[in-house]
Amino acid sequence: MPPTLEKIDTNPPPPAYRSKTAMTPVTHKHLSDEEVKAFKDVFALFDKDGSGTITAQELGEIMKSLGQNPSDSELQDMINEVDVDRSGSIDFEEFLKMMSTTVKAQDFAHETRAAFNVFDKDGSGTISADELRQVMKSLGENLTDEEIDEMIREADKDKNGTIDYEEFVQLLSPKP
């Protein structure tokens, strides 16, 4: 997981990369200095006219260069989520906020998969009661069979007696 920093860039970015609403340096606590620099380079590469903003079409090119392939409506949704000033395009600060969210989501997905794999001892793609018991015991939790069965029942949405990856993700996801 990237280190958490209070302030990423100690020097103000060029005017084209400053927020349209606040002329303060771009900062973000979920990205490393290297990530901010890489995103700044990507942003500049796709900001063909040097205006300091990118459109949905340009954003699509960026996402494709990062291995993503969002639809036009997904791109517009992405812009709408971060386009604070409702200009229809995003400046670097808005772009950085969006990329930070993407990085956090990828980190969550990676960490969730790694955690699932710890529990899925036999690599079957599911967590059995025995696997859950083994891991919980290794964590110092000596649970009864009834407690293990209750944990499985709570997570096992398809009622097949095991927890698959999707059920595991639902278990870890924040509840509304």
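Note that Cβ sites are derived from N, Cα and C of the backbone, with glycine treated the same way.
Lifted from TrEMBL, the feature list:
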type   : residues : note
DOMAIN : 34-69    : domain 'EF-hand'
DOMAIN : 70-105   : domain 'EF-hand'
DOMAIN : 107-142  : domain 'EF-hand'
DOMAIN : 143-176  : domain 'EF-hand'
REGION : 1-21     : region 'Disordered'
**Item:** Per-state residue totals over the domain 'EF-hand' (107-142) - DSSP helix, strand, coil
**Value:** 23 helix, 2 strand, 11 coil
**Asked** How does the domain 'EF-hand' (143-176) divide up by DSSP, counting helix, then strand, then coil residues?
**Response** 19 helix, 2 strand, 13 coil
**Fill in**
Secondary structure of the domain 'EF-hand' (70-105) by DSSP, residue by residue, totals 25 helix, 2 strand, 9 coil
**Request:** Find the average pLDDT over the domain 'EF-hand' (34-69) in the predicted model and report it.
**Result:** 81
**Asked** Where DSSP helix means H, G or I and strand means E or B, what are the helix, strand and coil counts for the domain 'EF-hand' (34-69)?
**Response** 23 helix, 2 strand, 11 coil
**Item:** Sequence-remote partners of the domain 'EF-hand' (107-142) [C-beta within less than 8 Å, at least six residues beyond its ends]
**Value:** 1-2, 148-149, 151-152, 160-165, 168-169, 172
